[in-house]
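Visitor: When I checked Swiss-Prot for this same protein, it listed these features:
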ACT_SITE  Tyr153  active site, proton acceptor
BINDING   8-32  NADP(+) binding site
BINDING   Ser143  substrate binding site
Amino acid sequence: MFDSKVAIVTGAAQGIGQAYAQALAREGASVVVADINADGAAAVAKQIVADGGTAIHVPVDVSDEDSAKAMVDRAVGAFGGIDYLVNNAAIYGGMKLDLLLTVPLDYYKKFMSVNHDGVLVCTRAVYKHMAKRGGGAIVNQSSTAAWLYSNFYGLAKVGVNGLTQQLARELGGMKIRINAIAPGPIDTEATRTVTPAELVKNMVQTIPLSRMGTPEDLVGMCLFLLSDSASWITGQIFNVDGGQIIRS
């Protein structure tokens with residue numbers, strides 16, 4: 001599906017990002033496994049290569065313009081260009097996050113610089129290289145928290161949705177599409193570490209399909225949105241959530 005294509009996946013050292021990176025490699029893409037956790041990214045890239053795929057790892061702080069540019073330069077140097085970007089990097093605080101009125105502002109600013117601003121920073125770093133290749137596609141990681149929760153994790157994802165829609169308007173003329181996936185509760189190490197078990201149980205009870213999702217449940221949507229099958233889709237947010245959010 002993605003032979004001769006190059007994809008950058010941020011936050012790819014574990015969990016959802018790892019699943020995206022491995023799936024893209026299985027479909028023939030050359031993958032840049034990018035993460036602030038350099039050792040984790042290296043391990044994922046090594047496994048992709050062991051499985052017969054093509055990958056390199058790059059350390060990146062998505063909130064830092066110079067770091068994002070270095071990531072892109074490394075990708076272009078290794079593979080000659082960039083076709084796809086998956087903005088998956090995030091700080092995840094689970095449901096124990098403070099409300100806006102009580103969160104320490106220093107932490108709030110750091111949190112937003114990664115979960116919200118990082119989407120824009122990486123998109124700005126990559127889009128000209130996509131345009132040089134005649135276009136490309138970007139998938140942003142949102143969350144159903146944008147509609148459900150009153151803390152700043154949800155607020156960051158509201159912002160990601162807004163960025164997705166505005167950037168679709170700005171990038172469309174360059175034949176670059178951008179969409180977002182909004183997962184419901186996903187069973188990852190991050191979720192298990194920071195979300196109280198009772199809250200997880202309560203969330204599952206609100207999901208018509210009666211279970212948490214897995215990273216693999218999101219892979220199909222990501223691959224579709226990057227592929228030519230989605231060539232007339234941009235600026236959209238797609239819930240992949242077991243029915244957690246059902247809207248008319």
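Just so you know, glycine gets a Cβ as well, placed from its N, Cα and C.
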Visitor: Let me make sure I understand the structure: which of the recorded positions listed (Tyr20, Tyr153) has the fewest other Cβ atoms within 10 A of its Cβ?
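Guide: Lowest Cβ count within 10 Å among the recorded positions (Tyr20, Tyr153) is Tyr153.
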Visitor: Going by DSSP, give the three-state secondary structure for Val32 (NADP(+) binding site).
Guide: strand
Visitor: Determine, to the nearest whole angstrom, how far the Cα atom of Tyr153 (active site, proton acceptor) is from the Cα atom of Ser143 (substrate binding site).
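Guide: Pair distance, Cα basis, whole Å: 9 Å.
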Visitor: For the binding-site residues listed here (Ile8, Ala12, Ile16, Leu24), which one has the lowest count of neighbouring CB atoms within 10 Å of its own CB?
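Guide: Ranked by other Cβ atoms within 10 Å, the binding-site residues Ile8, Ala12, Ile16, Leu24 bottom out at Ile16.
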Visitor: With Cβ-Cβ distance below 8 Å and at least 6 positions apart along the chain, what are the contacts of Gly28 (NADP(+) binding site)? List them in sequence order.
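Guide: Same-chain residues close to Gly28 (NADP(+) binding site) (Cβ under 8 Å, separated by 6 or more) are Met1, Phe2, Asp3, Ser4, Lys5.
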Visitor: Going by C-alpha positions, which of the binding-site residues (Ile8, Ile16, Tyr20) is nearest Ser143 (substrate binding site)?
Guide: Ile16
